[in-house]
Amino acid sequence: MTFRNCVAVDLGASSGRVMLARYERECRSLTLREIHRFNNGLHSQNGYVTWDVDSLESAIRLGLNKVCEEGIRIDSIGIDTWGVDFVLLDQQGQRVGLPVAYRDSRTNGLMAQAQQQLGKRDIYQRSGIQFLPFNTLYQLRALTEQQPELIPHIAHALLMPDYFSYRLTGKMNWEYTNATTTQLVNINSDDWDESLLAWSGANKAWFGRPTHPGNVIGHWICPQGNEIPVVAVASHDTASAVIASPLNGSRAAYLSSGTWSLMGFESQTPFTNDTALAANITNEGGAEGRYRVLKNIMGLWLLQRVLQEQQINDLPALISATQALPACRFIINPNDDRFINPETMCSEIQAACRETAQPIPESDAELARCIFDSLALLYADVLHELAQLRGEDFSQLYIVGGGCQNTLLNQLCADACGIRVIAGPVEASTLGNIGIQLMTLDELNNVDDFRQVVSTTANLTTFTPNPDSEIAHYVARIHSTRQTKELCA
């Protein structure tokens, strides 16, 4: 038997993990084992919301060392993280300033300023990326306006996964899928857009040309002295998750469900027309030249904050209590900027309901019900937008990532969208990370080949839409009201 041992470092906004994958060539089987899991979260430092990158690096090294201590020969390592955030380095490779997190308020007002000065359509035609107030484009503008004293010291700007790869290898890389999340990459050239960079205040010399997934960045020398290749995987965690989504046919959509929910479909060409701009659709880079045509949805961040504020440790019990409540009594827009990082999420949700003359969710279960119903309804709206954009309805939706374990939300999604939902795999980002490593090692041919492996090894659960559910009736009433308004307009 021929085995490959690949390590995936998968960092999310709330947790990180070092996972060992064992691939058996002859039977094309893939197994995952968790080596080390650790917390991640926001910190307050010198008036900024930041990431503790030193702690994350220590956790990564601890996980890698654990694998080596077991005497396992590692064939390759790959790192994926969330998008848009970056670390600044000087000429000696030392950090400049703080690793500020995207939920910091320093970018307030800058997106509107960019649209006014550069033109919303021009920015979109150049980048193909949706407008989010924390995109790297606006973060860099905030940095250069608010901390000009740092600029003379900056030699390099590395996005998060590239920074951690650099810390392991001493080699710098700017991986393409994550680079596209910055809103600074030109969608036609796949290189940094000089006009957008100029507006941001950043120097183009801070960046190298983006590289596509599948190249070896450098090598990590393990404690035993072996040189282990560090591969540039699809380093945006959503890009990795999409690679591991067992999409079947052209009418399949995906939903990567975690702190963020990212709903979309794969395409060989981007969508940058006026319809896409009006819907704020993004065209992020994927593996093999594919585009991830999708929309960001605030996701389970709202629930994570409620769990933290209310000190709730038993999520299954909360979901059970939530399931017993009637649907659609409290509806909010999860994508409202007010929910990006409020002082207290519970109060913000209650205020949003109060301002729209709805009942106020008071109990933990009512707050969770509000979040789940609101997310499912937003999923339905976004899926409809995506279908209109491409001119064809979807026949099935694949939900991947940690959020796919929430069976209540999966069923609500199926009912609200009126579509069959297939949930799994849970560790999609990790698997997609491993998939690119196996392709780089010449064990697999391409993404479609890898998806066949995922389909046969992952635990997948199907949720059939129930047209008689409360949320399905609610959606039907909304559609009827919309059609009446359109006819009367």
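Every residue gets a Cβ built from N, Cα and C, even glycine.
Now, the feature entries from Swiss-Prot:
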type     : residues                                                  : note
BINDING  : Ala13, Ser14, Ser15, Gly16, Arg17, Thr259, Gln304, Gly402 : ATP binding site
DISULFID : Cys68-Cys222                                              : disulfide bond
BINDING  : Gly83, His236, Asp237, Thr238, Asn296                     : substrate binding site
ACT_SITE : Asp237                                                    : active site, proton acceptor
DISULFID : Cys353-Cys370                                             : disulfide bond
DISULFID : Cys413-Cys417                                             : disulfide bond
Residue pair Ser14 (ATP binding site), Cys222 (disulfide bond) - Cα distance, angstrom, rounded:
27
At a 10 Å cut-off from the C-beta of Thr238 (substrate binding site), count the other C-beta atoms across all protein chains.
30
Inside 10 Å of the Cβ of Cys353 (disulfide bond), count up the other Cβ atoms and send me the figure.
20
Quick check: which same-chain residues outside Gly83, His236, Asp237, Thr238, Asn296 lie with their CB within 8 A of the centre of the substrate site CB atoms?
Trp82, Asn178, Thr181, Ala239, Ser256, Trp260, Leu262, Glu284
Round to the nearest Å and give the CA-to-CA distance linking Asp237 (substrate binding site) with Ala13 (ATP binding site).
10
Listed substrate-binding residues Gly83, His236, Asp237, Thr238, Asn296 - what's their greatest C-alpha to C-alpha distance in Å?
14
Distant-in-sequence Cβ neighbours of Ala13 (ATP binding site), under 8 Å, six or more positions away:
Asn40, Gly41, Trp82, Gly258, Thr259, Trp260, Trp301
Per-residue Cβ crowding (10 Å cut-off), top of disulfide-bonded residues Cys222, Cys413, Cys417:
Cys413
Candidates Gly16, Cys370, Gly402, Cys413, Cys417 (recorded positions) - the one closest to His236 (substrate binding site) by CA:
Gly16
What is the nearest of the recorded positions Gly83, Cys222, Thr238, Asn296, Cys413 to Gly402 (ATP binding site), using the Cα of each?
Thr238
How many other Cβ atoms are found within 10 Å of the Cβ atom of Arg17 (ATP binding site), counting all protein chains shown?
22
If one measures from the C-alpha of Cys222 (disulfide bond) to the C-alpha of Cys370 (disulfide bond), what distance in angstrom results, rounded to a whole number?
48
Candidates Ser15, Arg17, Cys68, Cys370, Cys417 (recorded positions) - the one closest to Gly83 (substrate binding site) by CA:
Ser15
Count the Cβ atoms, other than its own, that fall within 10 Å of the Cβ of Cys370 (disulfide bond), considering every protein chain shown.
28
Taking Cα atoms as reference points, which of the recorded positions Ser15, Cys68, Cys417 is nearest to Thr238 (substrate binding site)?
Ser15
From the disulfide-bonded residues Cys68, Cys353, Cys370, Cys413, pick the residue whose C-alpha lies nearest to the C-alpha of Gly16 (ATP binding site).
Cys68
